[in-house]
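Annotated in TrEMBL:
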- 15-33: transmembrane segment (TRANSMEM)
- 40-60: transmembrane segment (TRANSMEM)
- 221-340: domain 'TmcB/TmcC TPR repeats' (DOMAIN)
- 754-775: transmembrane segment (TRANSMEM)
- 949-975: transmembrane segment (TRANSMEM)
- 1053-1074: transmembrane segment (TRANSMEM)
- 1285-1307: transmembrane segment (TRANSMEM)
Amino acid sequence: MHVENPHNNKYVAKAWSILAAVNMWGVILLCFAKFLEGQLFFGTIYAWLFGLPFMIAAVFKANKLNYELLLTNLNKVSDPLEVLNLTDYLIKLYKAQDSDSLLMIDGFLEIHRATCAKEDCYLKQKRCQNQRIQKTFFKDQNLSERDVDILMVLGQIYFNQIKRFPNEISLRIRYTLFLFDLMKQKQQALNELIQAEQQSPSFDYEFIIYRYKQIIEFEMNLAQNENSNGNLDIASELAFQNNMRQFQNKIERATLMHMDFWSQLQEDSPDLGKMNEIGSKINLAILQVEDLWNKMQKLTQNLPKAMRLYAKFIIEVLQDKDFGEELLEKSKMLQQQNQKIKNQQLISLLNSDDLCFESNPIAVVSTAPEKFAQIVNLNQSCCNLFGFMKTEMINRKINIFMPNLYARFHDVYFDRFMETNDNKNINKERLVYIKQKSNYIAPCFLTLKIIQSFDDNLQMAAQLRPLKLFKPNCYLLVDQNEVIDSISASCIPLLNIDYKTVSQRKIMLENLFPNFSQQKSQYLTKNGGLLQYKHQEEYSTNIIKDERDESDIQFTCYMTEILNDVNGEIVGYIIRLELIWNEKCTTQELNVHHNHQNRLSLQFKFNPRLSNYYGEFVAEMNSQRVDQTIIWDQGDLSSMISSNQQEIQNTGIQKHLMQSENTDQQKEQINYGEGIVTVRLFENRIQDINDVDIISDEENEEKNSVFERYEIKDSSIQGNQDGNDNNNIFRSRKQLSQIVNNYQTPMVIRKVNWTANILTIILVVLSFTDFFIIYEQYQEIYKTILLVKNQNQRNAELQTLTTSIQNLLMLNMNVWELTTEQEQKTYEELWKKKLNQSINNIDTLNKQLMLTDVDLSDAIIDMMNNDVISMKTSDGTSQMFDISEAIQQLLSKSLIIRDKHISKISLDDIDVDFVLFNSLNSIVFQLRAFSTLYANELRIKSENNRDTFLLILGISAAALGIGLIIMIMAIISVYKTQEEMLAIFIDLPDKTIKYLFNRAENFISNLQMGEEEDFISDIEENEKDNINELNKSLKTKRKRKKYKNSNKEQRNFILGILIIVLFAQGYFTLNYLFSKTFLTDLNQMIPEINATARAESFYRFVDISERSLFLNRNLTIMNKDPYEIVKNSSIHQEHALNVEITSQIYQDSFKQIFMDQPCTIISNFMNEITEQECQVFADGAIYQGMAVGIARYFENLRYIMTIYDQFWGNPNVNFSLLARGFGKFKNITKDNDIIRNNILNLNNFNQTKEAREMQDSYNRGTFRFLVQQMIEGIRLDMENHKTQILGLFIVFEGLIFMVYFLMWLPLVAKFTKDLWRTRQMILMIPLGIIQSIKSIKTYIKMNIQINDVDV
């Protein structure tokens, strides 16, 4: 797909457009060649090559200037896409820097200067331009005045349009890229990304936001680290303080988790499941601490306080003394360095720490050229006062948060202050008006202070103090034309107007107060004047509704002028309305508050998520200046942690009390067997026989005297050196950490993965095998159905061949009523043509039957290869042939008859006699038997296929069952390995566990006290006290702790695998049931298939048998008397049995043929008769349905046979009387043989002609059409079933793919991470303790070091 601007890069866009043009040119010429190549045109490839350079040149030269974009009216734009197109095109012109682009930029700037409706438009204020705004561009870049203008205009366009479309994420992202790439304002770009992230962006936008946040933060950190003295700017300082609080909170959380772990291990029966869960949380918490530490290091390398905290955490909690002491030494060096730098810096009047703890709202405004009049720092109280979040105010100009009347000329005031250094308003409190986020104004007292920043620039600190009002007041700001510009929120309950009403229309003071101008001079005085106000529905709002009467409300009005200090011009007025409390007002107020519980007052709350204010009546006792529902940036979690610690202590006390109560109850019960044990002497030791879990004295010595050996550690290590390299991992914690943290896949995981892979391969192989076997078997069945059809159609064509020879024989005998030679010649040509067509059809069908690739049964093959047909030869003898040879004999004789003259075709001719006799006797009998064998073959294949599908079902069930067992064993082995790793903590002595718990507890206690210099507790003295206490303990035998495991993940995973295996088996079962149902229905339809396919040859055989009877009574048919051969059909009975399982196509066709009128179908299918001929044929019997037609067919045959019985053996019969006008007598034999003449004349009866024509056209067309429709119906059913199987197969394979790649591989990764994480928990044990406990050391060497690392 090609768009107008496929890429931002000009050359890439041109290349892509050229490629699209070449593709289009090629497609056009391919379509041209498809229809015209070789007919009207030659050489398409040359035309393509000839036009290729022109297409490339046309695209390369094309350059759309997009003048209409430059004429976009930004005041009336309604679609953010128009803004994006305009800004993108302007940036493209700015980067092009060619003559055309510069000319178009100049034109746009002129148009924008004329059409911009904003008062603070940069181009309009350029006449009194503030040079400080441009210094930021000229400082770092060589920009022309045009470049500065277009960049400033672009910035204003983005800013204003974001205010119009605040929820358009794409516009905000483009603004971010503009600030980052062109304006070089990284912090403001980061703020815009944060704003966009809070608007629930889509996944692609979320990725862009995440990526650019990382880039901007990286560049900001890189620029910060390049600072020589390590100082942070205000934004980075805020981010660092925020990270420092989070860092401390996360360390506290990790320490509490360590305490929880050691307390869990102190229980009588530790729960390995809970220990594993706590251990996973500990690892996650440590990773979070490390990530936050790395993030803080990116901000600055000068962080001694955080480094000291992190070092003590590593020493006291993580038990890594070497690395912790290294960090402590580094932090001391940094602290000394910072102290030297600190002494050389100026002490500022107000620093960032003061802002955090200041209760009054304070905002710091920069005077630096690059951040002229922008807010660089503020506290939370200031955010609450304005209603904005801190990120929405940082790096924004201060005039954005002022009413419009002040914001217009504030930059000029600020610039004038910097030029004249006029300090008359410094450190003086004065009344100003601020604009809150809800666009309402509020009066505040402002005090300005000058402070010194870190980069030696001056900053303005604005301290605001909200005005306390004791009477109902409202404020209105009007311009010099007395049009209301801004109002306070109190205008809503007092005047019943809101900001929306004021902003949508211009409201004059005269509209609200009709008599205002008459007393304006009085209102300008200090005492003000009385003002009457009557509620007007035209300007009312529906925000607040209360019960009001129609009387006037009285206010005391105070009016103050707003002057422009530069030129002394009056630019507006401040109007303060104070409600006069009379008796009626008091009564109304009491009536309003009487409906509420206690005393209520109207307050407004700001919803940051919806950026809106809501008014509500709340209890006055709960009203506060600052709403407590506002979400603060950071909170102190120390109180929460303290409360958690108290809960932990209380929980421990409760457990101790419960244990003592249980002990008292146990003491009350008398145990008479106490102290009686059975012991034995083994290896010079007395051991309890019944207690198999008693720890040996050697290991008990290791457990109970760990700290005793600390005093003789050096001597014991030197005495135990044996030169074994494997023990070196316990000499250093760093080496042990490298071994434990080695991220190689454990052997048990590899075994589980191989098991799952083998099971998946088995499932895939079984599913593919099942699918392709079903497809192959269905194809085999369909080919067998075609064989049944071809076999019966071959029989019918053989009967048609006999009919053609009989007709030619009767033509020679002058049986037919053909008066002219032309009619006789035409008749002869017609039937010789049909004879030749039958010969060709038989030869084709015979080849298809003999050369089929279907696996046939032995009975059919034997019958095809053996001589089973006895044929009468020319000399009157019989000779045996196989089916193929017999048919070829008939075809060769038929070819001879076809080429003979009509006069030679007679009963005495040996070729005619050969064909007529053999086609009606042994061949017919064997071909019918052959058809029965093919039908039986179809039945056998359908039954055998069901057995095949059942075998596949059994194999899949067995394979999945065995795989399930192996998979369950593998998963159990994974959890067994994890349990063995956790069980090594059970070998830790109780006093060691208590010692580790106390160290973590002492660390968090000192951390919560917040003593920086005395932060390090006297661990060495505590360690000595603990060691002395442990040395006093006696070496007594102790039982190994019993542990339990409440982890239910193993059961859940096994249950999930069982469900997946059952689902897979359900797929094979469903395939089997579908196939079985289809094959059962097909097996029931086989008789109808056979009967329908045989019908044509059957009716044809009846016709030729009757004519053979008329020609020669002595000629046997099927080796029997021809008179007894004619029988009825069973097709209707078979169809009635299968009507519920046959295809709807065949049912509809059967109904149309036999029950409805079949003329349309037969005429279209056969193309030998017209529909009109069919409708009048047989007195309309066919038009009434073939059921009536076939009945009439047999009725005609029976009638003729009745006449035949009258003629046979009765020469005196009256022909005219019996014929009854249906036939005329003709002396065919030219002699006096009346009986033979009468019988031969039966061929010219109307009933005989009708039956003959019905057989040639209607019966043949009917049954061939039915066979075709039946096979088509079976094929469609088979295709539908195969489609179902294919759909199930695709779904099954897709689910296998999803389960393997989306579930199993993440699960294996989880198992691996869990084992890695559990193995990392070993590092929670101090290295000295690991060295002293033999079981832990042996487990590490045998299961971790040897299995996973080559040492």
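Glycine is treated like the rest: Cβ placed from N, Cα and C.
Scored on C-beta pairs under 8 angstroms, the neighbour of the transmembrane segment (1285-1307) with the top count among 15-33, 40-60, 754-775, 949-975, 1053-1074 is 754-775. Two recorded stretches are said to be in contact when at least 3 C-beta pairs lie under 8 angstroms, sequence spacing 6 or more; the transmembrane segment (754-775) and the transmembrane segment (15-33) fall short of this definition.
Between the transmembrane segment (949-975) and the transmembrane segment (1053-1074) there are 3 or more Cβ pairs closer than 8 Å, counting only residues 6 or more apart in sequence, so the two stretches are in contact.
The domain 'TmcB/TmcC TPR repeats' (221-340): residue composition by secondary structure is 98 helix, 1 strand, 21 coil, according to DSSP.
Tertiary proximity for the transmembrane segment (40-60) is limited to same-chain residues at least six positions away from its ends with a CB under 8 Å from its CB atoms, namely 14, 17-18, 21-22, 25-26, 29, 32-33.
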